[in-house]
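Annotation comment: Swiss-Prot describes N14 as site 'Discriminates between blocked and unblocked aminoacyl-tRNA', evidence class sequence analysis. Summarising the annotation, Swiss-Prot assigns tRNA binding site to Y19, F69, N71, N117 and lists sequence analysis as the type of evidence. Here Swiss-Prot flags H24 as active site, proton acceptor. For D96, the entry in Swiss-Prot reads site 'Stabilizes the basic form of H active site to accept a proton', with the evidence type sequence analysis.
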Amino acid sequence: MSEFRTFVLCGLGNPGLRYAQTRHNLGFMLIDYVRYTFSFPEFLPKFSGLLSSGRVSSFLLYLFKPVAFMNNSGRPLVQLVNFYKVELENVIVFHDDIDLDFAKVKIKRGGGSGGHNGLKSLDFNLGRDYWRFRFGVGRGVGDPAEHVLSRFTALELERLNKLFGFIGTNLPLLLSDIATRKEKFLNEYKCCSQ
């Protein structure tokens, strides 16, 4: 019997319809996409969040959306990580980033919060040694807080769907890269996005 490597994929966002489809909820949107794409079961309430799990390739995945507001995302995630005894090197957090141009992505392990309140909460509760998958939403014009709480335009949603499609198709490659410290996923993404 083969052994599955376990990963937690956590999307950051705020609960409620008021925040649905906003830039700050991009992490929730991606987790929803992965659940749907890989036919994982419906989310169930657990650890002050919504949890689903399933297998993709040789990986067991826990998909998680903390339903505490963004500023308190760390507590629910640390409960899940401790309960399932998942190493931080196997935790990937998907979140918006105003310092990246729209639809640009960066992946790194560790680092600072960059002023992102969800990451501040994770760093405080969990430590910093998890993977961060940063999605660019740009700065917009005016107040950054208003920008991240604004909804995506139809054109932006179309571009996000293409990006999510790429991530869904290449999720096993992303997980394998993280497991083996290679960068095939990022190289594939760079080729695809040019």
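We number each residue from 1, going along the chain as drawn.
Note: Cβ is positioned from N, Cα and C throughout, glycine not excepted.
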Under a three-state DSSP reduction, the secondary structure at D96 (site 'Stabilizes the basic form of H active site to accept a proton') is strand
As a whole number of Å, the Cα atom of H24 (active site, proton acceptor) is distant from the Cα atom of D96 (site 'Stabilizes the basic form of H active site to accept a proton') by 6
With the fewest other Cβ atoms within 10 Å, the residue among the binding-site residues Y19, F69 is F69
Listed in sequence order, the residues of the same chain lying six or more positions from D96 (site 'Stabilizes the basic form of H active site to accept a proton') whose CB sits under 8 Å from its CB are L12, R23, H24, N25, L26, G27, H116, R134, F135, V137, V148
Within 10 A of the CB of N117 (tRNA binding site), the number of other CB atoms across every chain shown is 16
Counting across all protein chains, other CB atoms within 10 angstroms of the CB of the residue listed as 'active site, proton acceptor' number 23
With neighbours defined as other CB atoms within 10 A, the best-packed of the recorded positions N14, N71 is N14
Per the 10 Å Cα distance test against N14 (site 'Discriminates between blocked and unblocked aminoacyl-tRNA'), the binding-site residues F69, N71, N117 reduce to F69, N71
Same-chain, non-site residues whose Cβ lies within 8 A of the Y19, F69, N71, N117 Cβ center for tRNA are N14, H24, A68, M70, N72, S73, G118
Taking every pair from Y19, F69, N71, N117 (the record's tRNA binders), the biggest C-alpha distance in Å rounds to 16
Y19 (tRNA binding site), DSSP three-state class -> helix
